[in-house]
Each structure stands twice: as C-alpha cells, then as structure tokens.
Amino acid sequence: MSWQDSRPGDSVDPLVSRSVVQPVRFAGPVVKTPAVFVIVVWVWRLIAGVVGAVVLHPVATGLLAVVVAVGVVVDPWWLSLVGAGLVPVVLVVWWWLWRASFLRLAGWRLLALWRRFWVYRRHWQPVMVVAGLAEFYQDRQYLPRLGRVRCTPHVDRVSVRMLKGTSPQAWEKRVLALAHGFDAPSCRVVVDGPRRLVVEFPRGDSLSGVIPALPVPEAVDLAALPMGRAEDGSWWRMRLHGTHILVAGVTGAGKGSVIWSAIRAMLPAIRAGVAEVWAVDPKRMELSLGRRLFARYADTAETAVGLLEDAVVQMQERAGRYAGKVRKHTPTTDDPFVAVVVDEVAFLTAYHPDRDVRRRAENALATLTSQGRAVGFSVLAALQDPRKEVMNLRNLFPDKIALRLDEPSQVDMILGEGARERGGNAHLISADPAMGAGVGFVRLETSPYPLRVRASFVTDSDITRMETDYGRGSSLRSLPAESGADDLFGGDAA
Ligand SMILES: Nc1ncnc2c1ncn2[C@@H]1O[C@H](COP(=O)(O)OP(=O)(O)OP(=O)(O)O)[C@@H](O)[C@H]1O
C-alpha cells in the first residue's frame, strides 16, 4: 500500500510513512510525570476554581457555604436537606415580594452563573475551534479564556481573555459564527483593554415589539433626547445639540419615527422658545402633519433652499457675535437651538432637475454641517439612498443612523467600514414593519461600535395631539408671530 492509498484509521509506521510535503519529524523522548506533580496541579486548580467562584459569584457561593456549614455543624443529613429546600423557598419569596432587589442582588447573578456553565462553558471549546478562534502551537491546542458572564434583562456580557498574538478583528469577523454557536440572535464584540474583550449576546430580540410614543419629557435635555429603546433594554437617548445626524433607510424603514421621536422629545423646549425646528419636507407627507410645531416650514425646492440659506445667514450672524466671547452655545429665547430637519435630503442634493438648486442646497448644507454645531444649529437629515452620487456630504454628519438598508455596501457607506463586523448588520433588519420598522444601528462619532436601537412609533394621532398642545396658537403656547409667517406656513398658521 502506498502512502496515497492510506485511509484514516490505517496504522502507519512513523519511520517509514512519508509525505510529499512533510519532512521526517523526530519526537522527543516521553518522560512520565511523577504522580506528586499531577496531584499538586490538581489541588492548585481546585483552589483556583474555588477562589474564582467566590470572586465571580459571591452571592451564590455564599448561600451554598451557609447551607453546607449549617449542615456540617448541626446535623449533616437533616439540616442539609432542610437548607437545600429552604434556600429555594427564600429565593422565591424574595423574588415575589421584592423583585427589583432580588434581580439586582441575586437574580441576574444566578442566571449568569447558570448561563456561564450551561451555555458558554459547555460549548466553549467546540465553538472556538469551529469558528477558528482556537490556536494550535507545537501540537497543543490553546483556547481563549472564558471569563465572567454578566446578565442584564436582555443581554449576556461575556468577558474573554484573548490568546496572545490574536487581535479583536479576528473576533469581529466571526460574530455571526459566535452568535449561531451560542444560539443568540446576534453578537457584538467590544474591546475592554489589552487582550480583553466583552462579547455581548442578546437573549432573544428585545426590540421585536413596537414601542409606543414615549411620554413628553418635563425637562428637555438636548444632549440626551429620549428616542426609544436600545438592544440591552435601556432607553435610547440621542444627542442633537452639538452634532448633526444622518438617518438612512429604504422606504418604509421608519425614518419618520426617528424624526418625530426627536421632535416629540423637544416639545417643552419648543414651547418655551429655547428650541426651534426648521422643517424641509419635499415629499409633503412626512412633516406637513405637524407644521404648526415648526418655526419654519418649506415644501418646495425654492423655499427649501431659501430656508437652508436663511439658516446659514443666522448661524453666521450668531458665530460673529460669539467670536472671542462665547465658546459654547447655551439655548435661550434670544438664541434658541435650531434643529434643521430635512426629510429626503437627496431630493435637494441629487434628484432636483435644476442644477442651481442642487448646488445652493449642497453649499448651504455643507456650511451648516461644518460650522453650525458649536453655535446651536444642528441638521437632522433623512435619506433613502446613501450612495456618494446621491449624498456626498455624508461625512460631514458626525453621527449616523442606519435603518433597514438593501445592501451590505450601503451599510458601510453609513456606518463606516468594519461596522458590520462589529454587529451593525442593517441590511439584515426585518422587512416586516411590525418587527423591523424604526429598528436601526446608531454609529456615534465617539464610538466605533454600532448600537442597535428601535425608535418609538409616533402615530399620526400623536402628531395631531402634539400640534394641538404645543404648536403655534395652541392654548399652551403663545409665541409672538414671526414676520411673514403666512408666507412661511403657506397661509395656514393658526
Ligand atoms: N418605530 C416604528 N415602530 C413600528 N412601526 C413603525 C415605526 N416606524 C414606522 N413604522 C411603520 O412603518 C411604516 C413606514 O414608516 P415611515 O413612513 O416612517 O418610513 P420611512 O422610512 O419614512 O419611509 P419613506 O421613505 O417612504 O417615507 C409606518 O407607516 C408604520 O406603519
């Protein structure tokens, strides 16, 4: 039998078998390890395991220790049985009566203990090997070290110590393999220090349900507007003052819900006159419903470009006044925060047939986005198609939101290269409006990690109520009429 005929399982003599690619290898002599060394190593591992368990899970190990101690001191059999029964009863009563404290002090820790053992520890080796994250060196297999697992209401955060010589990019490239390997809907990798990662696995999809319009906040924080929910179950808050935001998504992706959630979160500031929304609505379908909420409203190309150029003039006038005196804008009734909201911005920058309109719109937007944020002018723009021919100003928007998109390349255009490896798969968002409308990934200028969020759904009746309560002429608001308001509001101002 030649070496080509051999099959797995055939016995081969290492001295006579030959491979065309491998040279002869000489193995070192096999030395038997004395039993005492093996015992010392096992004892050392036992001690390290116990200390590790106490450090990682103090509550669980503490409870266990109490049960064991009582059993040993009083009556080994009887009391151990009572203790073993008593602990679950105490935990159930605690959960029933004081759920918040139970979850905070015991519930999430016990769940983390269970999931570390049952989900991650049990599958760690096969998943690491199959995903290609295990390394082999001199015939020995090395695995990344599984560290602490922390559970929040929706997400498992798994700490990992990477192997020496490997990089976080190797993990980012394998997020899909990791998600499927540990039965999670998605996976996100966050660098936590040298050789340290936190790998996040959501338990189920916390964003699968529609989020109704959030209550209007009593005090407005323009740096943290309540918009909806984030994947880890926390509130999604969005900074608008001091930045510009580009929202991209195919038709029906829910761009309107991002825009309206932001406007809703600013209502008290709008009523107080310290914030203004200047709205550009070329489709006349998105923003027209709430036009009395806006200080300026434009729905034709000519008026839209005029509105943008007026914003530039006011911004520059404010910048001139602030120069050398004020470094940071604080919204007041004299110098309000101005949010320039542009729906379907490509209508002005790419689709309009008049070249002059396109040029003027682009110039105005470029000036606003490059100079406006320090003096209280922010642009919140939405568009369907993020290609460069359509929107070549997208890099002037520090923060970006990718709702459902058609292609992976479009995701890269909005969230930046590498965002998909970090979990920002906006092209995989469900096309079912109940599941996916308003769902997206936020990429802030301050972080390369996209955050999965869902905007609250502000319905038409919510908008009508908002306009009634907070719009011009409402009982709750009495702002002086702007000169030429009829012109600006198409003669409809109340
Ligand atoms: N946050 C949300 N939660 C649940 N459903 C939503 C949400 N936002 C939108 N929808 C649903 O999706 C539909 C389309 O939403 P919307 O009009 O905001 O999309 P769009 O991206 O603005 O589309 P277009 O570009 O065509 O205007 C809505 O009519 C609504 O039924």
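Cβ atoms here come from the backbone N, Cα and C positions, even for glycine.
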Range annotated as transmembrane segment - as stated in TrEMBL, picked from 26-44, 254-272: 26-44
Listed in sequence order, residues with CB under 8 A of Ala253 (ATP binding site) and six or more positions away: Leu403, Arg404, Leu405, Ile429, Gly436, Ala437, Gly438, Gly440
Binding-site residues compared (Gly249, Gly254) - highest count of Cβ atoms within 10 Å: Gly249
All-chain count of other Cβ atoms within 10 Å of Lys255 (ATP binding site): 27
Cβ-based isolation winner (fewest other Cβ atoms within 10 Å) among the binding-site residues Val250, Thr251, Gly256: Thr251
Spatial neighbours of Gly252 (ATP binding site) that are distant in sequence (at least 6 apart) but have CB under 8 A: Arg404, Ala431, Pro433, Ala437
CB-centroid shell, 8 A cutoff, ATP site Gly249, Val250, Thr251, Gly252, Ala253, Gly254, Lys255, Gly256, site residues removed: Gln384, Leu403, Arg404, Ala437
